[in-house]
Amino acid sequence: MSDQGATTPTPSAPPAPPAGRPPKVGSRGRASGPTDSDNFEAADIPELEFFAAPGPRGYPPLTEFLDIWDVDMMRGRGETNKTDHRTSLYHCDNLIVRRGQEFQIKITFSRAYKPNEDKFAVEFVIGANPQYSKGTYIPVFPTKTRQSSWEGRVIQTNDNVVIMGVTPAANCIVGKYHMYVAVQTPFGIRRTKRDNSRDLYILFNPWAADDAVFLDDEAERQECVMNELGIIYHGAYDDVSERNWNYGQFNFGVLDACLYIMDRSEMPITNRGDPIKVTRKASAMLNSRDDDGVLVGNWSGDYTYGVAPTSWTGSTDILLSYFRSKMPVCYAQCWVYAAVFNSFLRCLGIPSRVVTNYYSAHDNDGNLKLDIILDDNGRIDRNRTKDSVWNYHCWNECYMTRPDLPTGFGGWQVVDATPQETSDGMYRCGPASVLAIKHGQICFPFDAPFVFAEVNSDVVFYSRKKDGTMETVKVKKSHVGRMVLTKAAGSDGRRDIIDQYKFPEGSPEERTVLEKAEEFGCKQEKSSPPEADVDVVLPTLEISVGDDFEFNVEFVNQSLQKRTVEAYVSGSVVYYTGVSSNEFLFKTPTVTVPAQKSVKELMMIESRNYLNHLVEQANLNFIVTGKIKETGRIVSAMKVVTLHTPKLTVEVSGGGRVNEEMMATVQFTNPFSFNLENVYLRMEGPGVMELKSRYYSLLPGGSSLTWTEMFTPQRPGKTRVMATLDCSGLRQVSGQASITVET
C-alpha cells in the first residue's frame, strides 16, 4: 500500500487547564450518589404509594379508607410545644423543638380514628435522599407494639381528632425536617401533601439527660443557651474593659443562617447530631481562610472594604449577610469570631460562652516558650523576636460529653474560630477538653497542645552574644495566662475561671502537669538563671486618648550593696496581638540605686508623640530591660497601658411597655482639636430594636452630634440598647442603656 498523500501529524502541547480554581470533582464512579449535605434540599415524597401495579381498570379509589383532613403543628408562640421546649423566643413561624423531649401534633381525620383497624404513621424527613438506616427518614407510630428510634403515642382522641406525642431520639440529627402523615390502606399508602408550614426544626437539648449537651445547672442553661445579651472582656489584665454584644440567636433568619453554614461546609447531614463534629466543623467555617466561611479576619487597621471589627454591635447582621450574599463578611478579630460562634452554638442549643484569656501566648515554635531575644547590652532585638503575647484573646467554651475520650473529660470544651494555626489542614481549633488541658493530657483530640500553650507558656529572655550564641538570662513563668474571664451566670458581673485551666503557679500539681505535658512533646524551659537583685516596677495607669502623662519607672535594690543599672526604656504603639506598630519612646538611662533603696526614673509622655500612630484599641506597650553593671544580671518589666476612649451617651425614653413606641437618643462630643471623618454609628437592642445605622461625613473638633431613633419593644423583660461609633481616627467608642419592658 502506498504512503503517497499521507500527512504526518504535528506534535502539539495538551490544552491548558482553565484559569482559576480547579473544578470540583463529584462522587461519580466511587459512590452511587452525592453525599447528602444540604438541609434545604427536599426529597420528592409521593402522596400516593401503591403496593402493586394497577389492574386493567387502574388503581381503586381510596375514598372509603381513613383520610387526613388537617394537621396542626401546635406551633403558636404561647402553645405548649414552644413553651415546654423553651423555643418561644425564636422569631420563626415553624415549630421548633428540642430532641429527646416529647412534642405534640393534632391530626384531624375524615372520621373517628379506630386504633384496632386504622394504621397511620407520622413521617419525618431531612435532606434530599432520606433513608431509614441513615436516620434521615423516621416513621413514628402511635402504638406501643410498633416503634422506631423516635417514640410515638396517642395522647388524646376526640371524635375524629387525635393528639399525638412524638419524642425525637436524644441523639437524632439536628436541623430542619419535613413532616408527613401517612395512612396505610390495603392497596397502598396515602400521605399529606408537601406543606412548608408543617416543617419543623429540631435542636440540641441541654435539658434532656440523654442528650450529649445535657447541662445539669439551670442557672448556666439560662445564661449559656437562653441569654442574648453578652459581655465580652478586653483591655488589659490590670485594666479590664467590657464590650456589650447582642448574640441575637432567636432573631428572624438566624437559625436558617446557622443551618446554611453547615450546608456550605458540605457537612454530611448524618453527622449533624454529634456536637463534637458540629463544633469542629463550625470552628473552621466561622473564618474564611480556607473554605469561604463567615468572617474575613483583618488586623491591619484598614477596613475600607468592610465594617471595622470594633464597629459591630451584634451577630445578627453578620449571619444574615452571609446567608443572603453567600460571601464572607468583612471584617473580624478574635472577639467577633467568638461572639458570632457563640450565637451559632446557642441558636442550635449547645451551651456556650465567650471567654477572654489575658496575656495569651501565640508561640511560633510549637513549644511552651515565648522567646524574647536581647542583644549583649540587654536591649530587645526586635528583628529576631518573632513570638508574641496577645494582650488578650477570646475563644469559646461549649458543654458536651466526650465519648471519644476517657471518662471524666467531658464538660466544657474549648473551640476557637480565630484563624491562628491549621489543624488537620484547616484553620480551626477544638473541641479541646478544658479538664484535659488543666491536667496536661494534651494527647487528647482536638488541638489541646495549642490551647495548653496559650495559658501555660513561659516568657524566656535570651542574651545573644556577638558570636551568635544564645544564653538564657531570665524566665518569667507567671506572665502568660494571668486570668480567664467570662460573664457570670445570671448577672452582669464577671467570673475568673483560670483555675479551670491550670493549677496555681508554683504548686506541686502545676509541676506534675508540666512534666505530663512534656511527655507528649511540649518542651518547657529547664534552665533557672539566678534572679537579679534589682526589681523593676512599672506603674498602673488609667489614661484617656489624647492625654499627656507621667510614666515612672521604679528600680528597687534588694541587695546590701549599691547597684548600677544600664537600662533601656521602650514605649511602642501596639496592636492587641502584641505586634508593635510604632516606637514613640526610647531612652537609655543609667540608674544608680543605693543598697536596699529605690529610685524612680521619671518620663513625661506627650500625646503628640503617640496620637498620630495609634491603632485600634489604643494600646501602648512599655518594655524596660537592662543589665546590672556589678553582677551582669538582666532586669526586665513589661506593661500594657490601654488608653480609654470617650464614651457615647445613650438615653432611652418612652412608655417601656410591649408594643408602645419608645425613643433612643445617642450623643457624642468630639473631644479632640482635630476633625473626625467618615464616622459610622450603629445601634441595636435584643427584643426591642433591630440594627440601625447612621453616617456622618465630618465631625469637627469640639462639636457634638445627636442621633435619635424610634423603636417598639416586642417582648417584656430586661434588655439593653447598645451603640458604637467608629472612624479611622477613633475606634472602640461605645455606650449602652438598660431597659425594663413591661407587658
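A Cβ is built for glycine as well, from the same backbone N, Cα and C atoms used for every other residue.
Residues annotated as region 'Disordered' in TrEMBL: 1-40.
The compositional bias 'Low complexity' feature in TrEMBL is assigned to 1-10.
Here TrEMBL flags 11-21 as compositional bias 'Pro residues'.
The domain 'Transglutaminase-like' feature in TrEMBL is assigned to 326-419.
The active site annotation in TrEMBL covers Cys334 (among others). The Cβ neighbour count for Cys334 (active site), using a 10 Å radius over every protein chain in view, is 28.
The active site annotation in TrEMBL covers His393 (among others). There are 27 other Cβ atoms within 10 Å of the Cβ belonging to His393 (active site).
The active site annotation in TrEMBL covers Asp416 (among others). Counted within 10 Å of its Cβ, the other Cβ atoms near Asp416 (active site) come to 30, all protein chains included.
Annotated Ca(2+) binding site per TrEMBL: Asn456, Asp458, Glu505, Glu510, in sequence order. Counting only residues at least six positions away in the same chain, the Cβ atoms of Leu368, Lys369, Leu370, Val475, Lys476, Lys477, His479, Val480, Gln524, Glu525 sit under 8 Å from the Cβ of Asp458 (Ca(2+) binding site).
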Chain-mates of Asn456, Asp458, Glu505, Glu510 with C-beta within 8 Å of site centroid, Ca(2+):
Lys477, Ser478, Val480, Gly481, Lys502, Gly506, Leu514
Among Glu505, Glu510 [binding-site residues], residue with fewest other Cβ within 10 Å:
Glu505
Which of the active-site residues Cys334, His393, Asp416 has its Cα nearest to the Cα of Asn456 (Ca(2+) binding site)?
His393
Around the Cβ of Asn456 (Ca(2+) binding site), other Cβ atoms found within 10 Å total 25
Would you mind reading off the Cα separation of Glu505 (Ca(2+) binding site) from His393 (active site), to the nearest angstrom?
20
I'm trying to understand the geometry here, so how far is the Cα atom of Asp416 (active site) from the Cα atom of His393 (active site), in Å to the nearest whole number?
10
Quick note, His393 (active site) and Cys334 (active site): C-alpha atoms separated, nearest Å, by 6
Given the model, what does the mean pLDDT over the domain 'Transglutaminase-like' (326-419) come out as?
91
